[in-house]
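S.K.: One structure follows; several queries about it will come next.
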Amino acid sequence: MVLVDNHAAKDGAEDGTLVDFRGNPVDKSRTGGWLAAGLILGTELSERICVMGISMNLVTYLVGDLHLPASKSANIVTNFMGTLNLLGLLGGFLADAKLGRYLTVAIFASIAALGVTLLTLATSIRSMKPPECDSRKGHCIAASSQQLALLYTALYTLALGGGGIKSNVSGFGSDQFDPSDPKENKSMIYFFNRFYFCISLGSLFAVTVLVYLQDNVGRGWGYGISAGTMVLGVAVLIGGTTFYRFKKPQGSPLTIIWRVLFLAWRKRKLSYPSDPAFLNEYHNAEVPHTHMLRCLDKAAIIDDSATANENSKNRWIVSTVTEVEEVKMVLKLIPIWSTCILFWTVYSQMNTFTIEQATFMNRNVGNFAIPAGSFSFFLFISILLFTSVNERVTVRIARRLTHNVQGLTSLQRVGIGLVLSVAGMVASALVERLRRDRAIHDNFKIRAFWLVPQFFIVGAGEAFAYVGQLEFFIREAPEGMKSMSTGLFLSTLSMGYFVSSLLVSLVTKATKRSWLKSNLNKGKLDLFYWLLAVLGVINFLVFIVFSMRHQYKVKHLSSLEDSKEELKDWKDLTLSNKEKKLGAEEKEEA
């Protein structure tokens, strides 16, 4: 087994330079390209099969086999998915700061393989499950904490591994193409299309084949195939080591953010300088100084501890104006970030309560009973369909109406996604009310295909919201913190799942378990959906206020100090200072 010499890579490359596994400059004829990218895509395909094959059908196992309450089961799933996305920040930090993307993906993929193997054992060992329900008394014994221990260990081991893969595999894949080479740059665009295709392909396989095996053959078989797939993915990734191109870790932007906040707090009692030009490296700043969040400027104040020449270069003693302004730009994204969370709270219902709804409905097509988890198929089909429609139809129509090359701005896309999420919850509430009424009054199970509209509406919402959020964070993030964009996006998913868990807990307590019951016929799930719809409307109104106040980065720069001329002068001054600095260095060398 060959692993990259990470220290050699560090010694053999300047920032941004790509090297081979020995640390030497890359030979394009032997490294990178589609062969290397294809092997990396195999790892993402394996991760997607594992995560989606587990999350989309886990709630039925928790309720049906472990006899846990529906509310607790939903929270276990959403906490698992929330943790997985949150740990993406850890994986991104380790890759940027120390390990590099390859080692991070290889290590965390191995951890994911261990997690799904433990899950296979947890669902196969008989002593890990409670006895079957007494059909005569209608009494069920829920799984004990000891029986759940291995399950929790397996899930959160998988969450750790999946988070590390998710935050780095797309970036590592794109490293296999040189953007300065027109041919390879074109291939890079196709890579991201195929990356999304692999995600969708893995998800569709998981919610059809694996879910069927889990429900009809056995959980151990279904999860065992996932484990084998993940082990194979790790083997393929490591086996292709000699074909990859590696980029030197350049430090995590999270370190810069923490450092600026720390210094601003430590220097909070210092007085502002009479002129911003006295701030550290003001004239050499790559980003123009602004008066927004002025309290952070104190991180760039040159105080007594930073007067010495060697201390003025120590970033833990004084920050630069560029670093402070980049942190300001990140913090400016927080209001929009906060209003994106509720969309993923709604989305999380598609693999918890909506799947539970399907178990109480008629799922037969002839003599074949469709597994409840397989109805998520319509969610992914909707996402793929509307993603294509958006680019080929919606954007073209929007260009004619707005006369904007972009068609729809990133925030307009997010807004449409939020509206569709509200519509999805309204559809869910109406269908659940119909289902419960027919089950109680007529003793009749309606067809599970009544769930298709809510899957399609929420899927359409994701096609807008996913692209809009990712585009917003990428475009609006500072140039030096582009890797933060994926972290910010993943954190909205994570918080969405955690907010779902919080809402379920609060509603269960406030209603004394009358809304969310394991037997949905005795509960009022439709009222929970209506609650989410109302919260969605309020969230959308807040989003409108924040989006109207938000200045896109390009617009902000063009209106700085209400003067385009002043911006030009600032650029000229910066260029002049850089030329002077370069001239001084040349003289010193002479």
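Keep in mind that glycine also has a Cβ here, set from the backbone N, Cα and C atoms.
Nobody curates TrEMBL annotations by hand; they come from automatic prediction.
Per TrEMBL, transmembrane segment is recorded for 76-95, 101-122, 195-214, 220-244, 329-348, 368-389, 410-431, 451-474, 486-507, 527-546.
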S.K.: Look over the recorded stretches 101-122, 368-389, 410-431, 486-507, 527-546 and say which has the most C-beta pairs under 8 A to the transmembrane segment (451-474).
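M.R.: The stretch I would name here is 410-431.
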S.K.: So which of 101-122, 410-431, 486-507 is most in touch with the transmembrane segment (220-244), counting Cβ pairs under 8 Å?
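M.R.: Going through each listed stretch, the top one turns out to be 101-122.
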S.K.: For the transmembrane segment (486-507), name the stretch out of 76-95, 101-122, 195-214, 329-348, 410-431 with the most CB-CB pairs under 8 Å.
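M.R.: Comparing 76-95, 101-122, 195-214, 329-348, 410-431: 76-95 has the most Cβ pairs near the transmembrane segment (486-507).
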S.K.: Are the transmembrane segment (368-389) and the transmembrane segment (195-214) close enough to be called in contact, which here means at least 3 C-beta pairs under 8 A that are separated by 6 or more residues?
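M.R.: These two segments touch.
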S.K.: With a Cβ cut-off under 8 Å, give me the same-chain residues at least six positions beyond the ends of the transmembrane segment (410-431) that come close to it.
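M.R.: Hits for the transmembrane segment (410-431): 336, 339-340, 342-343, 346-347, 349, 354, 357, 450-451, 453-454, 457-458, 460-469, 471-472, 475, 526-527, 529-530, 532-533, 536-537, 539-540, 543-544, 547, 550.
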